[in-house]
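Reviewing the structure listed below.
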Amino acid sequence: MTATVRAGRVSLRVEPASVLLGAAAWTAAVAVALHAVTVGDYPMPLSTVLDTLAGHGTLLTYDVVVRNRLPRALVALLVGAALGSAGMVLQRIARNPLVSPDVIGVGAGASAGAVVVIVVAGAGATAVAAGALTGAVVASATVYAVAARGAAHRLVLIGIGVTALANAAASFLLTRSDRYAAKQAATWLVGDVAGRSWPDVLTVAAGLAIGAPVVLLLTRHLRLLELGDDVARSLDGRIGAARAALVAAAVALTALATAAAGPIAFVALVAPQIVRRVLGPRSAGVLPAAGVGALVVVSADLAARRLFSPDELPAGVLTAAVGAPVLLYLLVLVSRRSG
Amino acid sequence: MGLTLGVVAAAGLSLLVGIQPVTPADVVLALTAPAGRPADAVVLHLRVPRTAAGLLAGAGLGLAGAVAQGLTRNPLAGPEVLGVNGGAALAGVVAIALVGVGPLGGYVWFCFAGAALALGAVLAIASAGRDGATPVKIAMAGAAVSALLFSLTSAIVLRDHDLFERFRFWLVGSLTRADLPIVLQAVPFLAAGTVLALALTRPLDAAALGDDAARSIGARPALLRGSAIAAVVVLAGTATAVAGPVGFVGLVVPHAARALAGAANVRVLPLSALLGALVLLLADVVGRVVLRPEEVQVGVTAAVLGAPVFLYLLRRRRVGGL
């Protein structure tokens with residue numbers, strides 16, 4: 001079922017099911033995030049949290065809510081949204097559920113770039129973001145250059161090689177830094193939202209500010225690109241530019257999400273898959289994928305905080321534990337379909 | 001023969017090169033008539049164990065890779081791709097950090113168990129589906145399992161500073177912490193794995209003709225598969241226990257061996273062991289000099305040298321189904 005919304009010259013095809021799923025995922029994600037802000041060593045009721053946000057809190061509640069828990073929850077939400085939408089874009093362009101930014105080496109490239117900056121310069125959020133962006137661009141350019149015009153599977157294999165190379169570079173830097181910097185960088189390499197602060201929120205928000213408009217404006221081309229290169233080109237001669245812009249947006253989203261929280265594993269792979277399972281093969285928008293991504297990361301972080309209390313796990317460990325089996329399941333599924 | 005000389009030369013280099021300068025005369029004196037000179041301590045306590053560890057781990061990885069590729073007839077089946085190194089590393093960390101198992105003789109069993117579980121999982125997942133275990137599916141299943149194992153390992157190691165400090169070099173793949181007792185304990189395991197692997201050369205060649213052909217000349221495919229997997233687990237598991245999860249050596253070395261000697265496993269297997277030792281030693285020596293006075297871990301140099309070869313292999317061969 002499709003409805004068309006018109007506003008002047010712009011018209012938008014809207015799938016009610018997609019909108020419903022998107023809204024539900026976003027509502028759930030925000031609810032989990034709000035709950036996450038209330039729990040911890042210093043639990044407080046939601047009303048106190050809301051009062052504090054409205055500016056009526058004490059110095060203590062302000063410190064706990066605004067300086068600690070809120071940036072963490074926001075980073076989790078935004079990083080999930082960025083990864084989920086980047087994954088959806090790449091999977092649809094490649095027409096292969098296995099092609100997500102972390103599988104094809106973009107996430108590892110971003111991590112390596114960021115670790116270079118952390119260990120060598122010890123610099124702040126902007127520099128780390130620039131490092132991650134550079135690393136992601138280098139990794140995706142390498143993958144693209146080696147893969148040339150190969151099939152999606154080839155892209156994935158080359159991504160594995162590039163990932164190994166980027167991880168080696170990052171681990172090399174870990175061994176050269178002093179133990180505290182190394183531990184900080186190692187925690188970060190697993191992907192974590194603990195201890196994030198406002199500059200990290202700004203980093204991932206910047207990624208969304210760059211990437212989201214491009215993705216939203218060009219979403220309608222995804223449908224065309226899914227038909228394959230030749231058909232797409234015969235229907236629209238300028239489709240190449242749209243595809244390049246979409247890939248660039250996905251790389252930027254992944255890179256800045258990684259700069260803020262490290263390479264939180266498999267979210268970009270899993271979130272679009274959940275959406276496509278729920279909606280069926282016909283329609284799968286980017287906004288629901290962003291919502292599901294946000295929900296996945298926020299929930300993973302909450303679980304990582306609470307399940308092993310008083311110890312905390314990095315959120316990336318939980319998403320890997322959930323995401324790796326999904327990747328394996330998809331692998332079997334894809335081969336069964338093509339076999 | 002030339003290769004054996006190459007390994008000897010690499011071992012010699014590995015004894016000579018390092019942060020503390022040592023002359024060839026020092027090495028000879030330290031080995032033949034140690035007298036407590038400062039150079040003796042460097043040679044006997046640092047360079048000899050490190051060189052021996054490099055020889056053993058490199059040979060183990062090269063041989064494990066050759067057996068894995070011979071068994072699966074898959075050019076991408078290195079132990080690291082099959083998840084073996086990652087499984088051994090996680091199990092080693094669990095043994096040392098959580099269970100408190102001390103010397104290699106104890107935790108190497110954990111490494112074997114971890115390697116076997118990871119390998120079993122990767123092979124089972126890759127074989128599911130109608131087209132069986134294609135190179136693509138093995139590589140992807142291995143990558144997913146390895147990613148999972150890596151984050152679990154990190155989760156354990158990051159729990160406290162001391163643990164992290166003890167493991168952060170080992171987990172990159174490093175020969176610097178090797179000491180003589182550990183190396184000596186590794187010898188029987190590697191010897192057993194090597195004997196098993198070399199006993200498999202003819203059956204592996206027969207199996208290359210296909211299960212039916214192999215059966216018709218008296219080979220038993222199931223037995224072969226079981227023993228080959230055991231050999232890979234023991235060889236790669238021991239190598240990981242000694243040197244940490246070093247990647248790419250086991251993947252790339254058998255390709256070089258086949259380029260030199262053709263496809264017959266009778267030649268590829270021994271050659272892979274020699275080449276593996278050579279490559280790992282040279283990678284370690286390069287790591288010692290490239291950023292003097294600091295060292296680069298052998299796992300890093302091996303990846304930097306090996307990953308481009310992996311990409312090249314992908315580009316050159318239209319690896320199954322690509």
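Here, residue 1 is simply the first one shown, and the rest follow in order.
Glycine too: its Cβ is placed from the backbone N, Cα and C atoms.
The transmembrane segment annotation in TrEMBL covers B:48-69, B:81-101, B:107-126, B:138-158, B:178-201, B:222-242, B:273-290, B:296-314.
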Practice item. May I ask you to check whether the transmembrane segment (B:138-158) and the transmembrane segment (B:48-69) make contact, with contact taken as at least three Cβ pairs under 8 Å and only pairs 6 or more apart in sequence counted? Key: no
Exercise for review: For the transmembrane segment (B:178-201), name the stretch out of B:48-69, B:81-101, B:107-126, B:273-290 with the most CB-CB pairs under 8 Å.
Suggested key: B:48-69
Practice item. Using a Cβ-Cβ cut-off of under 8 Å, list the residues of the same chain that are 6+ residues beyond the ends of the transmembrane segment (B:81-101) and lie near it. Key: 64, 68, 107, 109-119, 121-123, 138-139, 141-143, 145-146, 149-150, 152-153, 156-157, 163, 166-167, 171, 232-233, 236-237, 240-241, 244-247, 250-251
Review point. Other than its close neighbours in sequence, what residues sit by the transmembrane segment (B:107-126), given a CB gap under 8 Å and a spacing of at least six beyond its ends?
Key: 79, 82-92, 94-96, 99, 101, 133-134, 137-138, 140-142, 145-146, 149, 185-186, 189, 229, 232-234, 236-238, 240-241
